[in-house]
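These come from Swiss-Prot:
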type	residues	note
ACT_SITE	Asp169	active site
ACT_SITE	Cys172	active site, nucleophile
ACT_SITE	His278	active site
ACT_SITE	His352	active site
DOMAIN	161-285	domain 'OTU'
REGION	8-94	region 'UBX-like'
REGION	83-108	region 'Disordered'
REGION	224-234	region 'Variable-loop'
REGION	274-278	region 'His-loop'
REGION	301-306	region 'S2 site'
ZN_FING	328-352	zinc finger
Amino acid sequence: MTGSFSVKLKSKKGQFIVKDLNQNTTLGELKTRIAQATAIQELQLHVLVGYPPKPLDLSENRENQNLKTVGINSGETLIVEEKAGAAGPTSTPLASGSGSSTMEDDEALARRLQAEEDAEHLRQVSSGGSIETGALNIVQSLEPVISPEESGPNGNFNGILLKKVVPADNSCLFTSIRFVLNGKVDNEGSEMMRHIIAQEVSADTQQYNDAVLGKSNSDYCAWIQKADSWGGAIEVSILSNYYGIEIDVVDIQNAIINRFGEDKNFGLRVFLLFDGIHYDPLYMETQQNSVPATIFPVEEMGVYQQAEQIANEAKSSRQFTNVDKFTLRCMDCDVMLVGQGQAQEHAKKTGHENFEEI
């Protein structure tokens, strides 16, 4: 079977859909289609695929390879750029405003200390150090499972993976990550995490370019630091790398687990549940520990299998929001919009970024 499929192109000139492809389509044919869609000459194409985005080898000796061999599948998003003849961009420091006040300095210091505190928790866990009660907890070597079905056939955990409900605000991603890192449900870590992300993005304008971010690097850095800006894949990836821990996002709409940091071979992982618009952290209650466990060794597959089961059951019972069909109201001009696509297009045309689900 070689059924037809489509891929999505993202470029500075807009987004395009390339249809009627199949696994036997050659890379050379795809290059021609991309060039036609984006009006970029084939020799000037620079294409990135996957996340984090990695360059796709478009050399002539690969042009006869088919898409199956190359690893391009249905629904893939390709970031298309035009090769630049000028020198690569340099890092642009974040704008700090004129005359930083003592209060701003104190806030920056508080953010840094908070980040160091979370990172120190992870270092203690990684080295087998003790963690105070009330802080984050990791299950390292529990006794054999009394009820194997509770953690999966390959697990060593006597516990059940559960969802911790966090406030449904624009910072639910950061609140969830804060909880799995140190066991606290609060907004204190959100501003700090947004600042970390802005710093990382600002420091690498080549990787985090207009095509990847959907806006200029400087605009993104200002946007992500606003309290009403949502986080997603880019932000999860950056925080995974910053904290040195794999963050597994359990996508219940598609019944899959997206493993951020998998390629870094981190030894520990945490789980977040994503329903299409909202994130909640997952934790495990065990008989051995009064403090819920939120961080797990990557090699312990029992917990991972529980997360897969949660995804499958939630999808079956439709416990997710279809972002292509939900209704939003622009809080700036009261216009009604259907789906994420209309909201993004409205934001691009008007600059409005405050939306409320109806």
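Note that the numbers count up from 1, one per residue, in the order the chain is shown.
Cβ coordinates come from backbone N, Cα and C, glycine included.
Of all the active-site residues listed here (His278, His352), it is His352 whose C-beta has the fewest other C-beta atoms within 10 angstroms. Assigned with DSSP, the residues of the region 'Variable-loop' (224-234) fall into helix, strand and coil as follows: 3 helix, 0 strand, 8 coil. Across the zinc finger (328-352), DSSP assigns 12 helix, 6 strand, 7 coil. Using a 10 Å Cβ-Cβ cutoff, Asp169 (active site) registers 14 neighbours. The C-beta environment of Cys172 (active site, nucleophile), restricted to residues of the same chain at least 6 apart in sequence and closer than 8 Å, consists of Val166, His278, Tyr279, Asp280. Between the CA atoms of Asp169 (active site) and His352 (active site) there is a gap of 18 Å. The DSSP secondary structure for the residue listed as 'active site, nucleophile' is helix. Across the residues of the zinc finger (328-352), the predicted structure has a mean pLDDT of 77.
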